[in-house]
Amino acid sequence: MQMMEIAAFLGHVGSKTSCGYGVATGGPLAWGLCYNHEMSPMQSYCDEYFKLTYPCTPGAEYYGRGAIPIFWNYNYGAVGEALKVDLLSHPEYIEQNATLAFQAAIWRWMTPIRKYQPSAHDAFVGNWKPTKNDTMENRVPGFGTTMNILYGDGVCGQGDVDTMNNIVSHYMYYLDLLGVGREQAGPHEYLTCAEQVPFNPSSKAASST
């Protein structure tokens with residue numbers, strides 16, 4: 001289980017930082033940890049709703065950075081509080097410091113987005129016990145629910161879409177690479193979130209796509 005969780009974590013990291021493509025040497029899944037920031041930000045990701053708790057610093061841009069990318073001022077603020085680093089004033093630290101980037105990603109993996117919801121860690125290792133409502137909405141412990149927690153309806157509840165399948169493929173790649181084997185990944189309903197109802201529908205906090 002510990003090796004499987006490492007593969008799961010790296011599957012997310014690899015898929016979100018990859019510069020792989022179809023005919024790349026070693027295949028498209030071998031190129032994780034290539035990019036450390038969003039390549040073509042379309043906005044500065046400053047949400048003024050949080051201006052009292054996580055105010056945007058003039059000139060700062062809160063686009064996606066890191067091993068599991070952080071987006072939006074409120075997420076930089078929350079991660080910064082946890083790591084005791086002023087990321088609201090200096091969001092660029094995440095792309096300048098690899099240790100900080102991974103600390104942020106591990107914190108994100110271990111920490112629920114909201115109270116009464118599981119962390120990706122707890123959903124993956126089986127610490128989380130789904131409620132009746134979770135079961136009705138097809139949320140079960142496993143890799144699929146980690147995608148639901150981290151990306152919400154940016155990836156989940158849309159059937160077998162490419163964005164979801166790319167993350168799953170990276171997970172399988174790392175299971176093989178670490179010697180666990182993809183045959184240990186479990187059935188489709190545990191592996192994907194294709195039919196899951198998102199925990200936080202249309203929540204920017206849950207989406208990094």
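The backbone N, Cα and C atoms fix where each Cβ goes, and this holds for glycine too.
The shown structure was predicted, so the numbers you read here are calculated from the model rather than taken from an experiment.
Feature annotation from TrEMBL assigns domain 'Glycoside hydrolase family 19 catalytic' to 4-183. Taken from TrEMBL, the feature disulfide bond applies to Cys46-Cys56, Cys156-Cys193.
Ranking the disulfide-bonded residues Cys46, Cys56, Cys156, Cys193 by how many other Cβ atoms lie within 10 angstroms of each Cβ puts Cys46 at the bottom. Cys193 (disulfide bond) sits 29 Å from Cys46 (disulfide bond), counting Cα to Cα.
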